[in-house]
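Peer 1: Pasting a structure here, questions to come.
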Amino acid sequence: MKKQGCEIEAIGINYTIYTQKREIPFNIFSRNQHKKCLSGVQELHEVKELEKGNNPNDVRHVLKGVNCRAKSGEILSIVGPSGAGKSSFLEVLAGKIEPQSGSIYVNKKPVDKARFKKISGYVTQKDTLFPLLTVEETLSFSAKLRLKLPAKELSSRVKCLIQELGLQHVAGSRIGDDRIRGISGGERRRVSIGVELIHDPGVLILDEPTSGLDSTSALQIIDMLKTMAVTRDRTIILSIHQPGFRIMKLFNSILLLANGTILHHGTIEQLSLRLILMGLQLPLHVNILEFSIESIDTIQKHSHTLLPQSTLMIKNSGKFTLQQLFQESKLIDEEPISMSIHNDFPSGFANSRLQEIVILTIRFWKIIYRTKELFGCKTLQMLVSGLVLGSVFYNLEDDLVGAQARVGLFAFILTYLLSSTTEALPIFLQERDILMKETSCGSYRVSSYAIANSLVYLPFLLILALLFSTPLYWMVGLNKQFMAFMHFLLLIWLILYTANSVVVCCSALVPNFIIGNSLVCAMMGSCALFSGYFVSSNEIPNYWIVMHYMSLFKYPFEGFLINEFSGSGKCLQYMFGMCLASGEQVLKEEGYGGEESRRKNLLIMVCFILLYRFISYVILRIRCSQGGFKKILISR
């Protein structure tokens, strides 16, 4: 049975942004970094008042009464110069931003945003993909997260989609990016489209799908979309900058925008007729759309005198469209689609929380394993650094000098391990972009991502802790009890996991790597300063003492000292055969507890990990609910 299509209709879309500078310069939970969106009747009134005042430039009308209709089985192309409002209009249609006024209908019914995201796909101009996954793995993980189907059906759907996209020859190749060699730009764009097609949506919205591609690749992309529109009865809406002749002929309808207003909505032939009626001479062998964009000023002048904007179709008004003013187009003569929206999409999430965690954990592990900088280099780094430190502090004596050397070693270990973790920051930032994209269309829960992200690093960090601790511990000659070694290994593992949690938290908060790196370094520097090693806790000023107890260095540092000197039976100084200073006496004099503090320090370290993980989850949840730190790209 043929799947029913969707007719999309937008009526009176108005979108205005307030460009005045924010009062709070670093308000991270605003929807836009440099723009404040206005919504509601009261804010529209404020806009009008501002326009009458002294600062009219503070208000920008991105979209002004935009109306359009896109029919199933057809391609609606949105064209116009930079700053016309093309991307903003697509984001309104996709439900990414909220207009101040206007309505969107699907099959003559008001759109339900949550439901519409299930039956639609939105492809951004930027390819947001994991570069280390193969084409087949990318589509397979997307299918597992978005579809509730048996394994055989999922595999069959992925293979059919790969064939439909023409990607059979690169199915086993990695996606790649600027640093990693992978598939071509056109193939990468097809994968981005495939990710949004895996759940067989009735509506596909694409923001400049041919941007950055050569003419051949661009034609292949549009030809593929045309075939999908016809064979799958899909409604395809896309924006495009300057299409070629062959691409232009594949469009069923054109929406010409300039400064947020419609100048034409109809076929290419009707646009040509419109320009002729305006007295414009069409040069031979010239792209009509390119000529229209070059003649925007002339078209705008005639639009107010010859064919006013009010002639555009308004819902239930009985007025005619621009197409009907020129000719009785077959597109308009056809009866409106009166079908219901697809009913085979799940209303909630396709998988349970446990299934989501398993799928995401497997995907994370593949990425970590294939990231040479994080897996291979980090593994080698930890092994070599453990050997080097073991050789530097080789076979320390059990006396006061050896004790001082041990304390210095522990301080260096903490500083080294907690400060050398920023190499994972770019990976977390890349994951965040993909997380926001996938959760926006209901692929999985943010909490599932947070749990999977927490679990996947546990075995990896345990391997690193083992490679670092084993040569270091026995070469230095630390506490020779096996349980003491296991406790030392546990401390190293928790230190690495704490650092990982801090980086995850910072990556959720900051906009880019430079700020994230600065924030992580500042946090680690302050933690080292107030750890109690460089400045004794008794000498820290009272107004800074809270930093001592919040230091990530304090508790593992105490844990190292307790593990080394408490219960070891070591005597650090002898006189006449008598022990004058034992390790436990030194700990008490310095204010450190004994065995009772061992579990307390471990518990506090675990609490720090949980705290930073929870904060990162809250930040990501807020980001995803707001659509992220997304700038309104009104210059396109």
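The backbone N, Cα and C atoms fix where each Cβ goes, and this holds for glycine too.
The domain 'ABC transporter' annotation in TrEMBL covers 45-284. As annotated by TrEMBL, transmembrane segment applies to 375-396, 408-429, 450-476, 482-506, 513-535, 602-620.
Mind running through what each feature is packed against?
Peer 2: Counting only same-chain residues 6+ beyond the ends of the transmembrane segment (450-476), those with a CB under 8 A from a CB of the stretch are 356-357, 360-361, 364-365, 368, 375, 378-379, 382-383, 385-387, 389-391, 393-396, 406, 409, 417, 431, 485, 488-489, 492-493, 496-497, 500-501, 504, 613, 616-617, 620.
Listed by sequence, the residues of this chain that lie at least six past the ends of the transmembrane segment (513-535) yet keep a Cβ under 8 A from its Cβ atoms are 407, 411, 414-415, 418-419, 421-422, 425-426, 429, 502-503, 506-507, 544, 547-548, 550-554, 557-558.
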Peer 1: Give the mean pLDDT for the domain 'ABC transporter' (45-284) on the 0 to 100 scale.
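Peer 2: Here the predicted model's pLDDT, averaged over the domain 'ABC transporter' (45-284), is 85.
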Peer 1: Which residues of the chain, 6 or more past the ends of the transmembrane segment (408-429), have a CB below 8 A from one of its CBs?
Peer 2: 367, 371, 373-374, 378, 381, 385, 389, 393, 468, 476, 492, 495-496, 498-500, 502-504, 506-508, 512-513, 516-517, 520-521, 524, 527-528, 531, 533, 552-553, 556-557, 560-561, 564
